[in-house]
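**Student:** Quick paste from Swiss-Prot:
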type: SIGNAL; residues: 1-21; note: signal peptide
type: TOPO_DOM; residues: 22-470; note: topological domain 'Lumenal, melanosome'
type: DISULFID; residues: Cys27-Cys38; note: disulfide bond
type: DISULFID; residues: Cys39-Cys59; note: disulfide bond
type: DISULFID; residues: Cys50-Cys89; note: disulfide bond
type: DISULFID; residues: Cys91-Cys100; note: disulfide bond
type: DISULFID; residues: Cys103-Cys112; note: disulfide bond
type: CARBOHYD; residues: Asn164; note: N-linked glycosylation site
type: CARBOHYD; residues: Asn171; note: N-linked glycosylation site
type: BINDING; residues: His182, His205, His214; note: Zn(2+) A binding site
type: DISULFID; residues: Cys248-Cys251; note: disulfide bond
type: DISULFID; residues: Cys280-Cys293; note: disulfide bond
type: CARBOHYD; residues: Asn294; note: N-linked glycosylation site
type: BINDING; residues: His367, His371, His394; note: Zn(2+) B binding site
type: CARBOHYD; residues: Asn375; note: N-linked glycosylation site
type: TRANSMEM; residues: 471-491; note: transmembrane segment
type: TOPO_DOM; residues: 492-522; note: topological domain 'Cytoplasmic'
Amino acid sequence: MLRTSCGGMLLLVHALGLVRAQFPRACVTPEGLRSAQCCPSPSALESDPCGALAGPGRCVDVRMRAHGPQYPYEGATTRALARASSRACRCNGNFGGFDCGGCAHGFTGDACEQRVPVVRRNVMQLSADEKRFFVNALDQAKRAPHPDTVIATRRYSEILGPDNSTTQFENISIYNLFVWTHYYSVSKTFLGAGQDSFGGVDFSHEGPGFLTWHRYHLLQLERDMQVMLGDPSFALPYWDFAIGGSECDICTDELMGARSSSDSSSISSNSIFSRWRVICESVEEYDTLGTICNSSESSPIRRNPAGNTARPMVQRLPEPQDVEACLELTAFDSPPFYSTSSDSFRNSIEGYSAPQGNYDPVVRSLHNLAHLFLNGTGGQTHLSPNDPIFVLLHTFTDAVFDEWLRRHASDASIYPLENTPIGHNREFNMVPFWPPVTNAEMFVTAAENLGYSYEAEWPARPLTPTQIVTVAVVAALLLVAIIFAASTCVVHLRGNRTEGRQPLLGDQYQRYEDHNKTQSVV
């Protein structure tokens, strides 16, 4: 039976010797690291990399592309990935996973030939049992070690240990890996002791890759949880945060945790999430000492929805019409392909522009507004996935993205090919996922290409001027038809009344039976 895991091993590749990327555990042996090849065999046969003998996959060169001039430290982040591995598995057909020994999302079976419905639904519309199951599944993922993934505990120069043969890695849970991956994508580039770290890098925000990066991020968590639960149909639900008002409808003990009665910024002790602890909190230490975020947990989740009285703008959730306005924008993104872009669907759903597309440095809308509304762990970019509301918030953001792709019949050709922020170009590999996956591969409709779909209702679309004219013409024609039909009925009715005033037949008119007795009477 084929494994359904698509997990990878997170190995940091960073400046001056810090390795940062995502690799399978099988690739982080001393021999694997020295070979610079990560093509494990699903059958554990050295002669069968990526299942090439049976056909699931093949070992290919990893294509690296140079960053633009806006990034002066070429080789400091993902470019150093080539030092760790320059070859990876590329799976065929419906096969998937780091060694092509599993199935792609939405498929199962020995040959990955059976489709499995993976339907993401509104979390508020789940039954009580379904809500309980989801909450417990998240908690299980928080505690369960990832079956295929470990993280580096030393920089690249120290990764083989003092004896040059003991690799420096540790286990991490499924959910904490989800948090760690996001932290890495926004972390600064460490340039060495005594130097300020370079902060002009964000692989997952403020650029075209915002939507594609988070889409794959969610796919990895969903797939890991499917494997954990032994259920390939498990789907992450979404939180429709565009409800307006200042109430967090999912902040109940039945779902993501109510507000604590003793501390307005804490989660109720009746919620399982009050016992969760965050990782990747020591940002100053990482940036100044060059240490690595590891699996060590620290403080509890903080959350105070609508509690930021210093910023009234973030005390209310987005409105339903904000989503519809955003969906009506026709351009996916616009120069400079950054948080200052106008008339950009991506920048509007991300929340740096107004829903209608106009850029305003003061505005925070949609995705950004929902994060800031939470007013705590979920409102800090490097920490935000520690609050599990992050999952529901981003699943809805992805649902809006998928609806936009459907409405505008868009394909990857409209995704910027170049001149975007570091890591955001169309054919760039998204950092730090392994095996490598490009932004273009995620710029597709989900149901037809990625193995999952949404059960969602969207606000009615406003009519375009052409549609308004068409409706007016049709309405006028219908009105004429109704008037004509009514006039015809009146004329016909008057005719019937005239006929009703005519005299009855008298005796002067012959009757059949009287005129000819032999005639048949009907």
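Every residue gets a Cβ built from N, Cα and C, even glycine.
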**Student:** Fewest other C-beta atoms within 10 angstroms of its own C-beta: which of the disulfide-bonded residues Cys27, Cys50, Cys103, Cys280, Cys293 fits that?
**Tutor:** Cys293
**Student:** Find the one among the binding-site residues His182, His214, His367, His371, His394 whose C-alpha lies closest to that of Cys91 (disulfide bond).
**Tutor:** His214
**Student:** Have a look at the binding-site residues His182, His205, His214, His367, His371 and say which one has the shortest Cα distance to Cys280 (disulfide bond).
**Tutor:** His182
**Student:** Of Asn164, His182, His214, Cys248, Cys293, which is closest to Cys112 (disulfide bond) if I measure between C-alpha atoms? They're all recorded positions.
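**Tutor:** Closest recorded candidate to Cys112 (disulfide bond) by Cα: His214.
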**Student:** Could you tell me which three-state DSSP class Asn375 (N-linked glycosylation site) falls into?
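**Tutor:** Reduced to three states, the DSSP call for Asn375 (N-linked glycosylation site) is coil.
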**Student:** By CA-CA distance, flag whichever of His182, His214, His367, His394 among the binding-site residues is nearest to Cys293 (disulfide bond).
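**Tutor:** Nearest by Cα distance to Cys293 (disulfide bond): His182.
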**Student:** Among the disulfide-bonded residues Cys39, Cys112, point out the residue whose Cβ has the most other Cβ atoms within 10 Å, with all shown protein chains included in the count.
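**Tutor:** Of the disulfide-bonded residues Cys39, Cys112, the highest Cβ count within 10 Å belongs to Cys39.
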**Student:** Given the glycosylation sites Asn164, Asn294, which one has the fewest other C-beta atoms within 10 angstroms of its C-beta?
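**Tutor:** Each of the glycosylation sites Asn164, Asn294 was scored; lowest Cβ tally within 10 Å is Asn164.
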**Student:** C-alpha of Cys27 (disulfide bond) to C-alpha of His214 (Zn(2+) A binding site): distance in Å?
**Tutor:** 25
**Student:** Report the nearest neighbour of His371 (Zn(2+) B binding site) in space among the recorded positions Cys38, Cys103, His182, comparing Cα positions.
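**Tutor:** If we rank Cys38, Cys103, His182 by Cα distance to His371 (Zn(2+) B binding site), first place goes to His182.
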**Student:** If you count other Cβ atoms within 10 Å of each one's Cβ, which of the glycosylation sites Asn171, Asn375 has the most?
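**Tutor:** When each Cβ's neighbours within 10 Å are tallied, Asn375 leads.
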**Student:** Judged by the number of other CB atoms within 10 angstroms, which among His205, His214, His371, His394 is the least packed of the binding-site residues?
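**Tutor:** Among the binding-site residues His205, His214, His371, His394, the sparsest Cβ neighbourhood within 10 Å belongs to His205.
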**Student:** What is the interatomic distance between the Cα atoms of Cys251 (disulfide bond) and His394 (Zn(2+) B binding site), given in whole Å?
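**Tutor:** Computed Cα spacing between Cys251 (disulfide bond) and His394 (Zn(2+) B binding site) is 16 Å.
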